[in-house]
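Some features that TrEMBL has for this protein:
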DOMAIN    109-333  domain 'MacB-like periplasmic core'
DOMAIN    385-499  domain 'ABC3 transporter permease C-terminal'
DOMAIN    529-736  domain 'MacB-like periplasmic core'
DOMAIN    775-888  domain 'ABC3 transporter permease C-terminal'
TRANSMEM  110-131  transmembrane segment
TRANSMEM  380-401  transmembrane segment
TRANSMEM  434-453  transmembrane segment
TRANSMEM  473-497  transmembrane segment
TRANSMEM  518-542  transmembrane segment
TRANSMEM  771-796  transmembrane segment
TRANSMEM  824-843  transmembrane segment
TRANSMEM  855-876  transmembrane segment
Amino acid sequence: MGLYCQTEYRMSHADRPMPPKWPLQLLRFFIRDEYLEEIEGDMEEVFRDDLEIYSVAKARRLYALESLKLIRPGLVRHLKFSNHPNTVDMFKNYFKISLRNFVKNKDYSLINLGGLVLGLICCLLIGLHILQELSYDRFHPAAGRTYRVVMDMFGNGELKTKSAPVYPAVGPTLLEEFPEVTAYTRILPFGNGVYSYRKDGGPLVRYNENNAVLADVGFFRQFGFKLLKGDPDRVLAQKDQVVISESTALKYFGDEDPIGKTLTRRGTDELTVSGVMADFPENSHMDFDIIFSMKSMDDFAELPENWGWYDFYTFVELAPTASVPVFEAKLGALLDEKKAKYYQENNSREVLWSQAVEDIHLYSQGLSWDMGQNGGAYQIYFLGAVALLILVIAWVNFINLSTARAVKRAKEVGIRKVVGAGKRQLVFQFLTEALLYNSLAVLVAVGALFLLIRPVNRLFDTSLSMGTLLQPTILLGLLGLILVGALLSGLYPAYILSSFRPLNVLKGRFYNRKSSFGFRQVLVVFQFAISTVLILGTFIVVKQLRFMQSYDLGMNMEQTLVLRAPSSNAEGELSSRLGLFRQTLEELPAVQGMTISSSIPGIENFGISGFRSRHFPNEDRDCYRIRVDDAFMPEFEIDVLAGRNFREEMRSDSSAVLLNARAAEHLGFASPEAAVGEKVNPGSNYEWNIIGVVENYYQESIKEDLDPIIFFHSPDQGRYYSLKIQADDAAATIAAIESQWDRIYPDNPFDFFFLDENFASQYAADRRFNLIFIGFASLAIFVACLGLFGLISYTVEQNRKEIGIRKILGASAPQIIRNLAGDYLKLILIAMIVAFPLAYYLMSRWLDDFAQRTTIGAGMFIIGAGLIVLVAILTVSGKSYRAATANPIQALREE
């Protein structure tokens, strides 16, 4: 009768919405017993009232919210771990039991600990990398108040360019007219040149330096870079003064004191060394070898009034009380006042805005002509998410294995409850066990990092430091990681284990298989969904990198040896020696051709000007300028689409230009043929005749859009000599070229590189990201499989009796394997269904950063799914096979 009534009650309430269970359990854990019954009743009434007003989902949310509000000091019970006064002894006992269980169940312990250690190693490595990236430019004395002024350039109402350098007049104007600006520094790249030093009676020391800049006198005071020798307020106070880096000083002067010594540039310019600075730290977006005084420009330009030459990186320091939004608003309107007439005549506009110096490294994507290659915030977020997911996978392993092995500890729990242990005591015991595992895992992971950090730095070309982990904030973070890990990984298993009823345990009915297994199913799906996303992400990252490396760039760079052109101030000297050098190269059979140009593929071109055409008579259209000789197009195999190439014998070509197809389109010409015979002018009365249009090629990586380029004929001037050489015995060919170079240009160092290798260096950061992603994705999958192996092991152990009976009744080994592993394979298939759209969305967002991108095809998902299934089958099949082929009599005898 009792059973009948209970069944009728359940049936009559089957359709009645119930409040969520976990808030009620939380209240029972925290609220004092004398208030609990009344609170439960009130909460039930409030829930029923809410159902009449809101949806079931909202009523449940309100129930949970109100429950959390009730956990306050006046209602919360005193949480006692034990009636015993010595709580320390109690925790000692917990740790002793945890250590005993750790030693007793070595396989389980090592799987659990191994998963946590691997997850933490990945998390800590990625964390070190992220901390290093976030540390860029934060060491400056006033980093939080230092901003770089950058510029948006508009034409015809459309954004044309986002420029990192601005006009030289910006800095002085801001200091004079903006009271919140307390200091400014301008930096101007100085190009390459040959520098030399000869000690009395010694040999001439000469190097080609490509990393020199001019800077204002306040550079060292504003940025705080370390000066090893010299006064920061005086080292750049006079023209022709230079500050050199420590490594540059060693290169030229050895053990000599360089202060007061004279460096010679391009054979005639004498420069006085006024200071030696420490090499720039790796976490700075700046990295210079030689810094000239900006006063060296006094004879060439009136910089404080110059609003037309935007090559100056300008940094300002704001007063501590300055309002950044107010400063930003005033900054944006400055050029409207200074260049109003120019904007009106040219239908253009420019807007200045500020960028925090701390943001330059990670948030400069889209800025043209930056100082160097910076990082990307998106990659940092991406790797951070990967680190967190790997750690979550490890914690999920712990939860799964702990709940799966609950049956082994049921009798322990039952006996403890019989002798008086309360639920809270049991919860804290199992949380202590989780704390022990997480603490050991952190210690082992940190120890392993000390051994792995150097190989990792070599493999990924990074400079991670273990000293970062010793910072107080990081140590507190590690402690927090232990506590959070213990709570997240231990709370649910502790709840499951402490919920066993002593009477049921002693009768053998102690395992709520349905609820526990159901939750583990969700966790397995979660684990392998993450693993599938990481595998597919790895495939797409690898495919995109290969796509970039094999993409048709529109020209041929193979077997191209590039020499940095010699420098000299003697008029006509280089032209006279160039003919001799060409003649000498023609006598070398391994040298098949030579061309001279002001820029080459793979080098960012800073030469840009506004040009007008018949279609845009009143608007400057920005195009890049490159000076080339008549051999440039044939040597790089760039096709002429219309018209003709330059010809050395035609003097009229000195006033002629070639356009690439992108420039022809940019200037309004309907086709390459339509551009030939037309004229372009740089906003002045002088015009250039268009004699031909050539095929587009990528001046930089395919991550950027095609540049509009205008080529000018300059047969004997350029920064680069590009030589086509035969592949056979390249070393001997280079040695022969160097011998002739030293004879013809004795005062210039022989500085060379291969063009294809230099172009490929643009993808170094992408290759590093690719390698990092593959490595950590593989570890994540391994950790997930480790957990799956642990689960299948306990499933086999738990079902040994059932397996034995099935074998006695005639079940074959494949049938038993299918029965054991089938459920897990179904879960993995569900995980893939969840992961596919998520992976597609995330990787599509990542590919959006590339101007040219690969496709995400169905084949990639099929291969990824096959790989996941294969790895899962290999993980579960071994243990399942051993269980299926074991002697059933032994299993039944043990039962």
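Heads up, the Cβ atoms here are built off N, Cα and C, so glycines get one too.
Source: prediction; values computed, not measured.
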Sequence-remote partners of the transmembrane segment (518-542) [C-beta within less than 8 Å, at least six residues beyond its ends]: 386, 389, 392-393, 396-397, 399-400, 403-404, 492, 769-770, 773-774, 776-778, 780-781, 784, 787-788, 791, 823-824, 827-828, 830-832, 834-836, 838-840, 842-843, 846-847, 854, 856, 860-861, 863-865, 867-868, 872
Positions on the same chain near the transmembrane segment (824-843), where near means CB under 8 A and six or more residues out: 521, 524-533, 536-537, 540-541, 788, 791-792, 856, 861, 865, 868-869, 872-873, 876
Intrachain residues whose Cβ lies under 8 Å of the transmembrane segment (110-131), provided they are six or more past its termini: 380, 383-384, 386-388, 390-391, 393-395, 397-398, 401-402, 437-438, 440-442, 444-446, 448-449, 452, 456, 462, 464-465, 468-469, 474, 481, 485, 489, 772, 776, 779-780, 782-783, 786-787, 789-790
For the transmembrane segment (855-876), sequence-distant contacts whose Cβ falls under 8 Å of one of its Cβ atoms, 6 or more beyond its ends: 528, 531-532, 535-536, 539-540, 543, 781, 785, 788-789, 792, 820-821, 824-825, 828-829, 831-832, 836, 839-840, 843-844, 847
For the domain 'MacB-like periplasmic core' (109-333), mean pLDDT (0 to 100): 92
Helix, strand and coil residues within the domain 'ABC3 transporter permease C-terminal' (775-888) as assigned by DSSP: 97 helix, 0 strand, 17 coil
